[in-house]
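All remarks here apply to the structure that follows.
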């Protein structure tokens, strides 16, 4: 004789403690005994499997939406890093220009110190105009790794928006995009058309999640490289600013001594 009541839900066994009593069937008819009991039990199991498949498909769709949202945030942060790189490079160029101008000023001051040599040196050694650096004429670009990651994510985002308008929910009228399960044999899916559609949707979402996580990884690695390169720029800029500050103070002292 069975140790369980005649009506219990085997799906609830996994979530129960060993000492807990089996949960009763959550069915209006409570699966009464009779000649139709096996058929009723089988029908309930089909409905339960279908319900859980639907919930899983909806869960993977939500996860996919969150993944794409995270990717958008990553792209926006990467683009902000690229703009910051441009600011740093322009600042470094301005500091270099200030240093060149200061050197010219120091030459003039040294020339003025000598009454006779001043005029001769002034006209003899005119300030040499330094040609603008080629980097200053180009638009600042992030490192290639980050640039490719941003481009790939933007292309995929456009495809996602086209194929997932308003994060459309899976239902009986729109079970799954055609061809979503083409990569697998149809024998691998259940014969029930609705259940098959849910399984195909789940597989499609998981495939997209896998590729999306790969793109997120590329963005993260690209941002890491970009931050390291910008740290190098900051180190150079700090050194140049400190040197410029010393030269400015030295020039001020020379001017006061005139």
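The count begins at 1 with the first shown residue.
Each Cβ is built from the backbone N, Cα and C atoms, and glycine gets one as well.
Over in Swiss-Prot, the protein carries these features:
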- 1-41: region 'Disordered' (REGION)
- 18-32: compositional bias 'Basic and acidic residues' (COMPBIAS)
- 76-107: coiled coil (COILED)
- 77: phosphoserine (MOD_RES)
- 78: phosphoserine (MOD_RES)
- 114: phosphoserine (MOD_RES)
- 130: phosphothreonine (MOD_RES)
- 137: phosphothreonine (MOD_RES)
- 150-191: region 'Disordered' (REGION)
- 163: phosphoserine (MOD_RES)
- 182: phosphoserine (MOD_RES)
- 185: phosphoserine (MOD_RES)
- 196-258: domain 't-SNARE coiled-coil homology' (DOMAIN)
- 204: phosphoserine (MOD_RES)
- 210: phosphoserine (MOD_RES)
Mean of the pLDDT scores, which run from 0 to 100, over the coiled coil (76-107): 92
Counts of helix, strand and coil residues, the domain 't-SNARE coiled-coil homology' (196-258), according to DSSP: 61 helix, 0 strand, 2 coil
Nearest of the modified residues (77, 78, 210) to residue 204 (phosphoserine) - Cα to Cα: 210
Least buried by Cβ count (within 10 Å) of the modified residues 77, 78, 210: 210
Inter-residue C-alpha distance, residue 77 (phosphoserine) and residue 210 (phosphoserine) (nearest angstrom): 22
DSSP-derived class (H/G/I helix, E/B strand, else coil) of residue 78 (phosphoserine): helix
Other C-beta atoms that fall within 10 angstroms of the C-beta of residue 204 (phosphoserine): 20
